[in-house]
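Here is the structure we will look at.
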Amino acid sequence: MARTELKVLTRLDGAKTQLYHFKAIVIAGMGFFTDAYDLFCISLVAKLLGRIYYFDPNYPAPGILPPNVSAAVNGVALCGTLSGQLFFGWLGDKMGRKSVYGFTLIMMVVCSVASGLSFGSTAKGVVTTLCFFRFWLGFGIGGDYPLSATIMSEYANKRTRGAFIAAVFAMQGFGILAGGIVALVVSAGFKNRYHAPPFSADPSGSTVPQADYVWRIILMVGAVPAGLTYYWRMQMPETARYTALVARNAKQAAADMSKVLNEEIVEEVERVERGVVGGDDWGLFSAQFLRRHGLHLLATTTTWFFLDIAFYSQNLFQKDIFSKVGWIPKAGTMNAIEEVFRIARAQTILALCGTVPGYWFTVAFIEFMGRFWIQIMGFFMMTVFMLGLAFPYHHWTTPGHHAGFVVMYGFTFFFANFGPNSTTFIVPAEIFPARLRSTCHGISAAAGKAGAIVGAFGFLYASQGRTPDTRDRGYPKGIGIRNALFVLAVSNFLGLVMTLFVPEAKGMSLEEISKENVPDEEEEMEMASKA
């Protein structure tokens, strides 16, 4: 026997799309804009860091980050993000979504600026402080995942909830695009102001001293969008579902949502006290959770894990892939700042043509196709395009075929975003009960970041060639990019298989999906005995 739902939740589920929905999308979305900018801009400046701090005058090629340093610089923010997702996900259920929402933003602003101000008189000192601040930057970013997703899902109506959460996540695409544009503008300005010969003509002169400002400016700009939205984030009321179902204050929830919806809502407080909605007290490690949601949590964690192995390895190391297939000229033919410009241009084109459109296709079609079929389609198409890159890899690397490789590569990004990269973020914010929603989203997201760490560290080594002339200085023998692409295709296929266990949430209220308004079997027997 289902419990009766509270009036305030019924009103939210049936509310027309109005200004407060779009305001919530922008406020939460700007956090994701900053998240993506901060996480992915490091790939734009990694080669520059190698030229500045690891230049060897006795070596006939530009300086590069040593393997362990490159792994740390690219992966430390992901480690911080994983930790932040678990911690703030749990805290969001204990203290409330709004209570910790502003703190994550402050961490992102402070650590973005601090990353650009990384200090030290040696390469080791600069890289150590950079990694320290990027870990804590990632920690703040991690908190934004479960909190933004949960807040948007609990604010939205049930007809357009998926599209609203997808729109928040779609700001990630604009963050990636903005990173490329900022890097283009900064590098172009410095390139035109401080002329330098290519490395082949003058190895030491190809990196002007002012190049040290380029990467610092690019990293620090990430603080701007986060800082601009702090005030409005603090003005958002706590979500009605947390206030009513977790804090058990239906009167306050009704008062908050009356202001938001611009209509009077009078709640029957006694109904909450009698436990008519969400009266269960079982926790994450209980038999009841395992029975109701254990398979769901397994599905959301594994699908996000397999997706991020492919997604982050592609994003963080696309500069290396583009160099090896010849779309970006050889490093020795460019100076340091020009190399940043070329990498940024390639990433911006790819983001504009493949990454950003994919997110918004999800926004447009998710309430028509549903979460399940978009995720199935995305994993399937990513597998197909990965195999399409891997099988004829030698064909794509020959002169005249580079454009075809980039187009195929761009389609993998399109279907990642019009597919599992969006839906793995959306589904965990819908299918778990209110008192565990933020925690379970954080666990799912952390599993994804574990996959990202595997992709970031693993692909760095695996993509190296078998012979010394096909791998970067200091790296051990790897399996090569072609075989690495096969591995990513297998990862995508495994994600497709695990999607079969993901429930569809289209058109249902959060309480219907999570069965929060349906008593557990044991509780139902207890209620029957009392009757």
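Just so it is clear, glycine is given a Cβ too, placed from its N, Cα and C backbone atoms.
Going by TrEMBL, these are the annotated features:
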{"type": "DOMAIN", "residues": "24-507", "note": "domain 'Major facilitator superfamily (MFS) profile'"}
{"type": "TRANSMEM", "residues": "20-49", "note": "transmembrane segment"}
{"type": "TRANSMEM", "residues": "69-88", "note": "transmembrane segment"}
{"type": "TRANSMEM", "residues": "100-119", "note": "transmembrane segment"}
{"type": "TRANSMEM", "residues": "163-190", "note": "transmembrane segment"}
{"type": "TRANSMEM", "residues": "213-232", "note": "transmembrane segment"}
{"type": "TRANSMEM", "residues": "349-366", "note": "transmembrane segment"}
{"type": "TRANSMEM", "residues": "372-391", "note": "transmembrane segment"}
{"type": "TRANSMEM", "residues": "403-422", "note": "transmembrane segment"}
{"type": "TRANSMEM", "residues": "442-462", "note": "transmembrane segment"}
{"type": "TRANSMEM", "residues": "483-502", "note": "transmembrane segment"}
Interface-richest range of 20-49, 163-190, 213-232, 372-391, 403-422 toward the transmembrane segment (100-119), CB pairs under 8 Å: 213-232
Count the CB pairs under 8 A between the transmembrane segment (69-88) and each of 20-49, 163-190, 372-391, 403-422, 442-462, then give me the winner. 442-462
Where does the mean pLDDT land for the domain 'Major facilitator superfamily (MFS) profile' (24-507)? 88
For the transmembrane segment (403-422), find every same-chain residue at least 6 residues outside the stretch whose CB is under 8 Å from a CB in it, and list them. 166, 169-170, 173, 303-304, 307, 310-311, 314, 318, 321-322, 325, 327, 350-351, 353-359, 361-362, 365-366, 374-375, 377-379, 381-382, 385-386, 388-389, 396-397, 495, 499
So if I exclude everything within five residues of the ends of the transmembrane segment (213-232), which remaining residues of that chain have a CB under 8 angstroms from its CBs? That is, six or more out. 23, 26-27, 30-31, 33-34, 37-38, 41-42, 44-45, 48-49, 52, 102, 105-106, 108-110, 112-113, 115-118, 179, 182-183, 186-187, 190, 337, 340
